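Here's the structure we're looking at; comments come further down.
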Amino acid sequence: MEKSSVFSRKSTLTKIGKYIIGIILVIGIFLRFHNLDGKIYWRDEVFTSLQISGQLLDIADHSELFTSELVTQDDIAEYQYINDSNGYVDTINGLKEFEPQLTPFYFVLARGWNGLLGNSTFINRLLTALISLLCLPFVYWLSLQLFEKPAISWMTTALIAVSPFQILYAQEARPYSLWVLMTLISSVSLLRAQKQATVKNWILYCITVVASLYTFLFAITTLFAHGLYILISERDKLSRVVLRFTASAIASLIAFAPWILILVNDPPSNYAAVPHGSFLAYPKGWLRNLSLPFADFGINDASSKATLLAFLVYLLLLIVAIAYSYFYLQRFASRKTFWFLTCLLAVPFMMLLVYDFGKGGQLTTRGSYLIPSLLSLQITFGYLMASQCLQRKQFWLVAFLFFLSVSTASSLVLANSDTWWHKADENIHHEVAATINQADSPLVISDVEFSLPISLSHSLKANTEFILLPPPDIDENWQLPDIPAENFSDIFLYRPSEQLQTELSQVSGIRLETLIEQTENYCNCTPQVLVKVSQITPNS
């Protein structure tokens, strides 16, 4: 055996191979916790904080905070922090009434976490980083269940450890990392129950499915994927495994029935259901999703031609490798392994695709909604690379190191960035905050949708004060507030409505100067992101 080889002839990792895998795992662990409080706390995370505190409904109806009165940073923070007057019931009620598409397990868990460690951006994100870290041993365990080779399991775990998709959601106060974990745990539990069909194992599987469903609504697609796999792997015979799986699935759905009733009585509305402007947005989104587990450099339409070309070449190589990985899986893995990973890939995607084409939605363009499918991609890809490398094929060793290096580099860029493409409108907040924070005693006035100014507040200095108004289109009694100009060095409008700008400039004799614009946005706001009130005259 050559000293430089990463693999021995016994298809195991050598000391060098173990050393490389160990370094990758350490990098992946480090990146999950790096720069946690340095990133934009965007609107989705604001909703998380408001849900955890149990005070979302107080904000959503604009009965509090958005009352045209002067408020401080501390006032805004109080609504995002847990207190004695709002409990777990308020957290669950907020989800039921405002966002029923979000099931409560993560938010209840996060509330308990805040109760132990306190409230802050760092603490909220630390929970998801720890959950993402916990995913790694379950990736190893699932791979071991599927392939029965520790070396393949270690290499697959290393790939997922530095996956930019996993790093991205490990650093956000959202339920996606918990969904990854529950998908892994339920899948491991299913395979164990299939091999050892004891009542105890099937009860354990049922519990993991219930936990998954209460973690994220689309976990039901994983249950259907598991069901199809059981039917195929048992060759359509009415075996004890099929019967016990059916009983476990029915019991899980019965346990989830209370939330199903909530969804039936109050169907969720989400911008993911808004139709695309072009059918081409679908393949564009699918290609992005395909690359996300392996490389995410924040490529967008504004990227240079050289960057786009380099990414296109990489994407073509990746597509070929992924396609071949499923061909390789079908030829060389066990029949059950092939069908398990194929069902996990296809069923969630197809279920959401039916909804997209039926309702004109965009669910399949959101990688965070396709976590089971993306896990299948990563595990299958890892199996191909590891199997070929273990056969000491130099081409595949180079390919493995290439894709591993790209993933690591991508995750390093992502972890060190304070913005990222998926945060859309909020990516401009650092620029906005840098301008406002130059003022000695700034006042920010806003009448945009409530989550945006709260998101911005996380980037502003402590002495910033606000006048927050409900949007004019939802408040029939909307009127211009009194502005105590003499108390502030500078006054700014954040994403002001046309009505606010018009009344300030014409009725109140105020001259406005646009400082920052954003011509395209997802919040249906005016292009003016930050406007400075440069002159105030007394009201007539």
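Just so you know, glycine gets a Cβ as well, placed from its N, Cα and C.
Per TrEMBL, the feature transmembrane segment maps to 16-33, 126-145, 151-169, 202-229, 241-262, 306-326, 338-355, 367-386, 395-415.
The stretches the transmembrane segment (202-229) and the transmembrane segment (241-262) meet in space: the count of Cβ pairs below 8 angstroms, excluding pairs fewer than 6 apart in sequence, reaches at least three. Between the transmembrane segment (126-145) and the transmembrane segment (367-386) there are at least 3 Cβ pairs closer than 8 Å, counting only pairs 6 or more residues apart in sequence, which means the two stretches are in contact. For the transmembrane segment (16-33), the list of distant contacts is 4-7, 126, 129, 132-133, 136, 151, 154-155, 157-158, 160-162, 166-167, 170-171, 404, 408, 411-412, 415: same-chain residues at least six beyond its ends, Cβ to Cβ under 8 Å.
Highlighted: of the candidate stretches 151-169, 306-326, 395-415, 306-326 has the greatest count of Cβ pairs under 8 Å to the transmembrane segment (338-355). Below 8 angstroms of C-beta separation, residues 96, 100, 103-104, 190, 193-194, 197, 199, 202-203, 205-206, 209-210, 213-214, 223, 226-227, 230-231, 234 of the same chain, each at least six residues beyond the ends of the transmembrane segment (241-262), sit close to that stretch.
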